[in-house]
């Protein structure tokens, strides 16, 4: 530490500082970042090569080159750190709840078109709320139906954002509602 | 599952219409190829309310931008051919194939209405050392490479007009690309470029205020909005064989849409384009009304594509030869 | 006399007054919900107000605009999901405050300074519009390029502990911004033959992913710890507190007005530049930046609301939009039979004063609606996380989908959410990515325009920079920022300070 650096903030900070040691998976992530940077640099070179300063590939090449250099330095620094043995991948990096959530969002995106917005969202919220809160099914169903209804009214009715209707004949319901007035 | 929902809806008395009800039985989605506030957007949004009244259904308009309009076009093409997805587009898709921007264009759509055409105009900074087109050409030839032309990228109106000029009198200018004619005209007023081939509507107000100087109307006849500006064919009659030419706006549905639906939409939009308010707005923005439909519209599209594609190809701007796509030389 | 009667139009007509109020109220929610943007709402209003007179139509749009720019701060503070790009900088210090139970205090100060910023922007519009528009339109591509470089240098102040990781993140952002078909050359960049990538990666999807999704994933770790109790006293800031930050607010409002008036740059860039400015000029913040500094809220929120008045400057004087929303309003004026352009101010000065007056009213309504209902809002943070997190996820997904009606954007949101989650875990700062994405096109396009204008002659471009007073000042500002962030400079400053301090201790 150089003497010019300010003293570390006091312990009131609610976000824990990153552990001084190397976290599990950090090395793998930094290697992946370096490989991705090099691949993007190669891809940027393919845009227009060293054709001209004004070529469309000039700025992409410069930025991906910076990314690659930074990624090398980051990897070097993380190699110098000692591995933190107190942490594990399963508990501190990818606990089950995180994996399930990522899979659920991907599932939502997959089901959105065929199933439609209303059923997909109700199902998603129902399962997620039940999985995370372990409250009763009735409570979770009430929360999910209520939330989806509010979102649907704001987005579809007020702001005319067309969500995929899927298996629910939404367009007919709306024209029926509007024909009532 | 599907029947269950229909059944439930029927039981609730919500779905009052039978399955094969008359089109349109629900809201129609309209995809605008270009961003909010642009010409295509303004024209689409001011025309559609008139058509909605005739159709008796609302058209929910949405801007789907990117890829010179290709993202919006592809989205409209992926939808069902049932007339519930309309595409509001400009001229650009007719050049996608030769510019290598995609394999879909208006050949995959049926034109409902080709609404109007823009008129190109050459504008310059007010203190430019030339006032007419021949003077401008002379000045460019005396100062090769010095004059900066505003451009909107290959395939845009400025690139086509510049290519047309080049085909008659080769000129050495520097083209500076912008994101659209709005930003390029702003740059012209700020002195970053010297000359700009633009669409009349976008340049009209700064010209009237004296912030820009009109050099020539790039058309076969002068326009009433700027009576003192000559048509290019007045000074250079050799341009008569490539003119009139200009960007256009149209409404399209996917090919394969049932004929009665196409007929209904065509009728609604044809009536809408006759609305007096709409006509006066189009006139104020310097557009020439076309309101073409059916075979006439198709003929217009084909001619436009042949002429522009070959102009760009001969100028060396196009990536692919029009011949590869069966576009015959005009 | 005419001016006063025109200024009074929206005040004496109750229906106009009501429309401005309704618009402002709706705007706050449009701004707060990620995925609903002011641009989208105003576009919809064009069709909705089609058959109206021009004054009521504009009144509603102006209300939405003013409210929307402010509303983005709500979700930024409460959930760390900026409701709009211009509220990104607000999340940096606002969310830490919410985590400390000070969400109400944060929203209160943000509301008041947004009002001050908005008001200063309107004054600039009313008094200096012709002068400022001449200045703004004179910006050449090289000046925009230098402005973008100045912006990129903010990476230094957004990086937190690791500058290398910050630089990496900033470069990644610029790269993300370059994805898609380059509009200047129609050349594909980083498209890899995927047609959907031609249109580029939606910026809002990246933002929702990096902030919203990665935040929810990170919070899953501590899902069963009870939510922080929010203090609901101190919501309306004291005059002493406002006065303390007023000098900074004046400076950042100026930044906001000028950046807003430049065609092609808006409140998002203004807010980030203001945040950086605050970090530079604030000697001793009570709380460090990034941990809940009030200055970190004052700067971006004054700037983005000042940018609203700024954006109207080129629109009213020249018919040139200052940002996306004013571009749509110009379209609306056309549809209503007006011809927005340089002649509008001369032919219809009433329109100018009507807009000034409507903006002022919208600003006042923003203050009123902003300060009421805060107590209710902060309760959101106190909801059990097991229920709140799934709801935030659905809102994020719907928001990402609504940008372009496209599932692809949902995948991008998820992808950047996961990437952001890992970057967080391994100590990478995320804000520089967003900064890079925002500035990517400004930097890339204007660099190319600047060098193309000189026929690829780098020397000629530098000559252009040295011979124009505006370019030269921007260039010197860039040099100064770089110089003051080098370790040598910091060591020199520290030594000097040390000498002064030790001299002071001498008897």
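Any Cβ shown, glycine's included, is placed from N, Cα and C.
Taken from TrEMBL, the feature domain 'DUF112' covers C:17-435.
Long-range contacts of the transmembrane segment (C:7-32) within the same chain: residues 38, 40-41, 55-56, 59-75, 83-84, 87, 350, 353-354, 356-358, 361-362, 365-366, 369-370, each at least 6 residues beyond the stretch ends and with a Cβ under 8 Å from a Cβ of the stretch. Residues annotated as transmembrane segment in TrEMBL: C:7-32 (among others).
Summarising the annotation, TrEMBL assigns transmembrane segment to C:38-65 (among others). Outside the transmembrane segment (C:38-65) by six or more residues, the chain places 9-10, 13, 15-16, 19-27, 30-31, 84, 308, 324-325, 328-329, 331-333, 335-338, 354-355, 358-359, 362, 365, 402 with a CB less than 8 A from a CB of the stretch.
Sequence annotations record features per position, and here TrEMBL assigns transmembrane segment to C:107-132 (among others).
Positions annotated as transmembrane segment by TrEMBL: C:144-160 (among others).
Marked as transmembrane segment by TrEMBL: C:166-184 (among others).
A Cβ distance under 8 Å defines the sequence-distant neighbours of the transmembrane segment (C:320-339), meaning residues of its chain 6+ beyond its ends; these are 38-39, 42-43, 45-46, 49-50, 53-54, 57-58, 61, 65, 133, 136-137, 260-263, 265-267, 307, 310-314, 348, 351. Look at TrEMBL and you will find C:320-339 (among others) tagged as transmembrane segment.
When Cβ-Cβ distances below 8 Å are used as the criterion, the transmembrane segment (C:351-374) is approached by residues 2-3, 6-11, 16-17, 20-21, 23-25, 28, 55, 58-59, 62-63, 65-67, 70, 104, 107-108, 110-112, 114-115, 118-119, 122, 125-126, 129, 232, 235-236, 305, 308-309, 312, 316, 338, 344-345 of the same chain, each at least six residues removed from its ends. The transmembrane segment feature in TrEMBL is assigned to C:351-374 (among others).
The transmembrane segment annotation in TrEMBL covers C:386-404 (among others).
Marked as transmembrane segment by TrEMBL: C:410-439 (among others).
The transmembrane segment annotation in TrEMBL covers C:460-483 (among others).
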For the transmembrane segment (C:410-439), sequence-distant contacts whose Cβ falls under 8 Å of one of its Cβ atoms, 6 or more beyond its ends:
85, 88-89, 92, 148, 151-152, 154-155, 158-162, 165-177, 201-203, 205-214, 216-218, 268-269, 272, 396-397, 400-401
On the 0 to 100 pLDDT scale, where does the domain 'DUF112' (C:17-435) sit on average?
88
